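*Asks:* Take this structure first; my questions come after.
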Ligand code: WTA
């Protein structure tokens, strides 16, 4: 795998302070090693002990891991539980009045919800869902802004055993439609609009549009949470206000008895082919991953921490570290509706100060944009409550890491750089902050119980220092169970025959340094990581080609200071190649088109028009040349196999 090369040479190392180690849930490197040794010698026993210790079971399991139908693994599959019970009810005897959610709205208005209130509201909404005919196993699409109601909706689904499928509010009507149809959902929960950065963006109108498209007869009801009070179109026979739906509902609702392996949710994510994949997670295994990592990686202290994960619930990070993890721990957490730059780039730091946040988890792209807009701003706030920082979604560059460490963490707080994926459900490779020394830009070592490796294309383990495919060689509880409606694609995408059919292929390349620390190098498939969001190049290409003017399109990524990767589109129109003002105009049209087809996050940053694309004689688009062109590099590669070398000049 000679083409996988890393340019990183980072030698700084930050051992945990003795103060942090002294209070840590996993204290010292020996404790970390003891856990990994236990997992290595008694893998199933290790996970079973954790599952008994951390989950409240309605019926305890006696079976641990079933591999008979690999790679369709099953965990604890004669056990029964309810995830919502584990997140709410079990805390009530001791913590009914403890704050569960501190919701801060875009305009700064703060609402606090106690565990008892959360219980009552989740139950009332669960009863509302039941009243609308939702039963165990039904799919419910949630298309909501960041809000307490989004969390309540998800928890209510979990309570009655409905499978939620959250669609990020930034996705377009078309994307929403695609997901509703694939999941054959019964009901959509949405809001009139969301507020971000002082502006309202409507959501209900996108639902209306999605439901005019074919294949959505499955939807019998749309429940609408009123956030802004703006005007919405109303379909009497279909639409129902959230406040009306709960008006007469009792605030108790018996949690459904769920099998450990019953699906908790589906979450669509991008893969290397056109259609998004419905990643399906289990109930018990997923919950266990959330709890174990809250404990080990976030060093959770239920009674004293104020946890804040800035991710939207539309992404996996918002599922595991907003909706499920912190609540399962019985913690207080902050939920934020808005954006980090409104009213100014000090918003995050002000919120940390105001809510006395102890644990702050965000994405490198946010960190980079805040450095740019006000690197000195954190100093204007009292950040003394912080004790731990986290990073997720993409590799964090060492400069951003150092700034985060010094300016936000005041050189006091460990940084947990957490590598994981929608498919893995919870953190996989990340430092245990009281045990493992950190290095800027490395996600360090696998958490105990996660058996990772870096292998070549035949599945052979590679020595330290050599780049290859990142794999996880043993099934773990929070691993996805399948792709919704598509078990074949699940097998093909994640357990390829070339690697023996039983090893989980993550889709990232990585290398280990001489200390065995993992350094993630990037995706091995046609997936871009733009501001920490996964986007398939094929999805964007299909969107472009569906525009009547476009004959052909190729998408590549190019490095971007803040977003990590920017999207560059090479486009061939059916007519003449546009130039000057015409090119600008068509660019704008196409960017907006992609915005409508997929969502604003997928709009190309740059569009270049050509009479053709660089192709081999067999007609294959040479993407590596396009990548070089996008970066503005001079082409030094061999272009002799190119059908049309002259095109390169045009696309520069
Ligand atoms: C990337 C987000 C480097 C990686 C939780 C992975 C990271 C993809 C990190 C999953 C990290 C995530 N360091 N790269 N700490 N975390 N990635 O499914 O390429 O939205 O495969 O899950 O993000 O993105 P997803």
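Glycine residues also receive a Cβ, built from the backbone N, Cα and C atoms like all the rest.
Pulled these features from TrEMBL for this protein:
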- 196, 197, 198, 199, 317, 531: CoA binding site (BINDING)
- 393, 394, 395, 417, 418, 419, 420, 421, 422, 508, 523, 534: ATP binding site (BINDING)
- 545, 547, 550: Mg(2+) binding site (BINDING)
- 32-87: domain 'Acetyl-coenzyme A synthetase N-terminal' (DOMAIN)
- 92-475: domain 'AMP-dependent synthetase/ligase' (DOMAIN)
- 539-620: domain 'AMP-binding enzyme C-terminal' (DOMAIN)
*Asks:* Take the domain 'AMP-dependent synthetase/ligase' (92-475) and average the pLDDT across it for me.
*Replies:* 97
*Asks:* Including all protein chains shown, what's the count of other C-beta atoms within 10 A of the C-beta of residue 545 (Mg(2+) binding site)?
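*Replies:* Residue 545 (Mg(2+) binding site) is surrounded by 13 other Cβ atoms within 10 Å.
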*Asks:* Could you tell me which of the binding-site residues 196, 197, 317 have their C-beta within a distance under 6 angstroms of some atom of ligand 1?
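*Replies:* The binding-site residues passing the 6 Å Cβ test are 317.
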*Asks:* Give the maximum pairwise CA distance in Å, whole number, for the residues 393, 394, 395, 417, 418, 419, 420, 421, 422, 508, 523, 534 listed as binding ATP.
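*Replies:* Greatest Cα-Cα span of the listed binding residues: 18 Å.
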*Asks:* Starting from the Mg(2+) site formed by 545, 547, 550, give every other residue of that chain whose CB sits within 8 Å of the mean position of their CB atoms, in sequence order.
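*Replies:* The surrounding set, listed in chain order, is 543, 544, 546, 548, 549, 551, 552, 553, 571, 590, 593.
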*Asks:* Pull out the binding-site residues from the set 196, 547, 550 whose C-alpha sits within 10 Å of the C-alpha of residue 418 (ATP binding site).
*Replies:* none
*Asks:* Whole-number answer please: how many Å between the C-alpha atoms of residue 547 (Mg(2+) binding site) and residue 420 (ATP binding site)?
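*Replies:* Answer for this pair: 35 Å between alpha carbons.
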*Asks:* I'd like the per-state residue tally for the domain 'Acetyl-coenzyme A synthetase N-terminal' (32-87) from DSSP, helix first, then strand, then coil.
*Replies:* 27 helix, 7 strand, 22 coil
*Asks:* In the domain 'AMP-binding enzyme C-terminal' (539-620), how many residues does DSSP assign to helix, to strand and to coil?
*Replies:* 28 helix, 28 strand, 26 coil
*Asks:* Any idea what DSSP makes of residue 317 (CoA binding site), helix, strand or coil?
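*Replies:* The three-state answer is helix.
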*Asks:* On the three-state reduction of DSSP, what should I expect for residue 418 (ATP binding site)?
*Replies:* strand
*Asks:* Need one number for the CoA-binding residues 196, 197, 198, 199, 317, 531: the maximum pairwise CA distance in Å, whole number please.
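*Replies:* Site span for CoA, by Cα atoms: 25 Å.
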